[in-house]
Amino acid sequence: MEANVVVEGGSSNSWLALVDSIVKIRSKVAEFPGKMKKVAEDDPRRIVHSFKVGLAITLVSLFYYFDHLYVGFGSSAMWAVLTVIVVIEFSVGATLGKGLNRGLATFLAGTLGFGAHHLANLPGRELQPILLGIFVFILAATVSFIRFFPRMKVRYDYGLLIFMLTFCLISVSGYRDEEVLEMAQKRVSTILIGGFTAIFVCIFICPVWAGEDLHNLAANNLEKLASFLEGFGDEYFRKSSEPESNKASLQAYKSILNSKQSEESLVNFARWEPPHGPFRFRHPWKQYLKIGSLTRQCAYRIEALNGCLNSDVQASPETCRNFREAFIKASSETGKAVKGLASAMRTMTLPTGDCPQTAKSKNAADNLKSLLRTGLCEGIDIVEILEVATVASLLLDILACTEKISESIHELASLAHFKRLEPDEKDGNPDLDKQKQVWQSSNSIASNHHHHIITIE
C-alpha cells in the first residue's frame, strides 16, 4: 500500500514538471514575435539586410539550377554559396574587408599551391610527399606567426586564415588529384564570383556605411555627455521632498563606457569603404578613436560624479544655498559647450574657435574654488566640505576633458575639411540655427562681462 502511494506521488511530480516545462515553452514562443519586433524597431536596416542576404544566396545558387552553368563549375559551385554566406556582413566596410581578404587570399594561395605542386613533381614521385610536407609546414608556420602582428591581426586575420586553408587544400589534395590546375581554377573562380555578388548586393542595394555609423556614434556620445551635465546641477540640489525628476534619463552616458570595441570595429570597417557622401578618400578615421577615447575618459569622470547623486552624505540646505549657483552654472555651461561640439560634429561644420560656454564654466569653477577658500566654509561639517570639494574637483576634471575633446574635434575638422558656417546654410538648417543662437547668446553675455564703457570729459 505504501509502495503504491510512493509511485503515485512520483508520477504526479513528473506530470507537474512536464506541465511546467510546457507552460514555459509556450510563454517563450509567445514572447518570440515581440522580441523580433523589438529587434526590427531598434534598427529597421536589419530587415533590409536580411532580404539582401537572401537575394545574394539566391543569385549564386543559380549555378546549381541551370545545367550550362553547373557543367562549367561542377561541384565547385558550392564554394560560391559558401563565400556569400561567410563574406556578406551588415555594413559595406565589413563586407568589402572580408570579400577582398577572401578573394586576394584565395588567388595567391591557389597560385602558390599550384607552384608548390609543380615543384614537388620535379624530383620524382618518391620525394613529392616530403617536399609537399615541407612546403606546407613552412607556409603554415610563417602565416601563423604573421597573425601575431597587431596590424595584421586587425585587418587581415581572416585573409591569412583563408590563405593558409586554400594553400593546404590545393597542395595536399593535388597529391591524389592530377587535375590540380583545373581544381584550383574552378575554386578561385567560384569564390571570386561569390565575393563579388555579396559586395555588389551590399553596395548597390540600400547600403549601410560603417563610416557614417561611426560618425553618428561619436556625435551621439557627446550629446549623452551634454545631457547629463546640463541636468546634473538641478538633480544634485533637488530636495528629497520634491518628486522624482529626469534622473533615469541622465544615465544614457553609461553606454559610452563600453563603446571601445564597437568604435574600433567601425574604424576598421570604414577603412575599407570607398568615398561616399561627405566622407572623402583617405578620411581620417583614426581621429575618431582619439575622440572616442577622450569621450570615455569624460564618461568615467561623469560616472564618479553620478555617484555623488546617490551618496548617503548630502549637504545641508545652508551649504546648498552657498554653492548651488556655482555648481549649476559650471555643469550647465560645460554641457552646453559639449552640445555645441556635438552639433558641429553631426553637421560636419567647423566649430567656433573660442567656446564661450567653456570660458563661462571656467569662471564658474574659479568662483567655486574661491568659495571653498573663503569663510563660507566656516562652521560647515568637514564631511560636507569633502562632499562639495569632491564635486568641484570632478567638475574641473570634466572641464579639462571637454577642452581636450574640443581640440581633437578641431583637428578632425581640419583633416577632414569640414565646411564653414555660411549665412545661407545657417538659416536653412535647424541644427545650425540652434547652434548659432547658442553661440550668439553666449557671446553677448560674455561681452557684457569683459567690456566697460569709459566716459572722458
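All residue numbers here begin at 1 and follow the chain in the order shown.
Cβ coordinates come from backbone N, Cα and C, glycine included.
Among the features that TrEMBL reports, compositional bias 'Basic and acidic residues' is placed at 423-436. The region 'Disordered' annotation in TrEMBL covers 423-445. Residues annotated as transmembrane segment in TrEMBL: 47-66, 78-97, 104-121, 127-146, 158-176, 188-210.
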*Any chance the transmembrane segment (158-176) and the transmembrane segment (188-210) are in contact, meaning at least three CB pairs closer than 8 A with a sequence separation of 6+?*
no
_Listed stretch, out of 47-66, 78-97, 188-210, that has the most CB pairs under 8 angstroms to the transmembrane segment (104-121)_ = 188-210
*Looking only at residues six or more beyond either end of the transmembrane segment (188-210), which have a C-beta under 8 A from one in the stretch?*
45, 48-49, 52, 55-56, 59-60, 63, 73, 76-84, 87-96, 99-100, 102-103, 106-107, 110, 266, 269-270, 273, 276-277, 279
_Contact set, same chain, for the transmembrane segment (78-97): CB under 8 Å, 6 or more residues outside the stretch_ = 45-46, 49, 52-53, 56-57, 60-61, 63-64, 155, 158, 187, 190-191, 193-195, 197-199, 201-203, 207-211, 213, 266, 268-273, 276
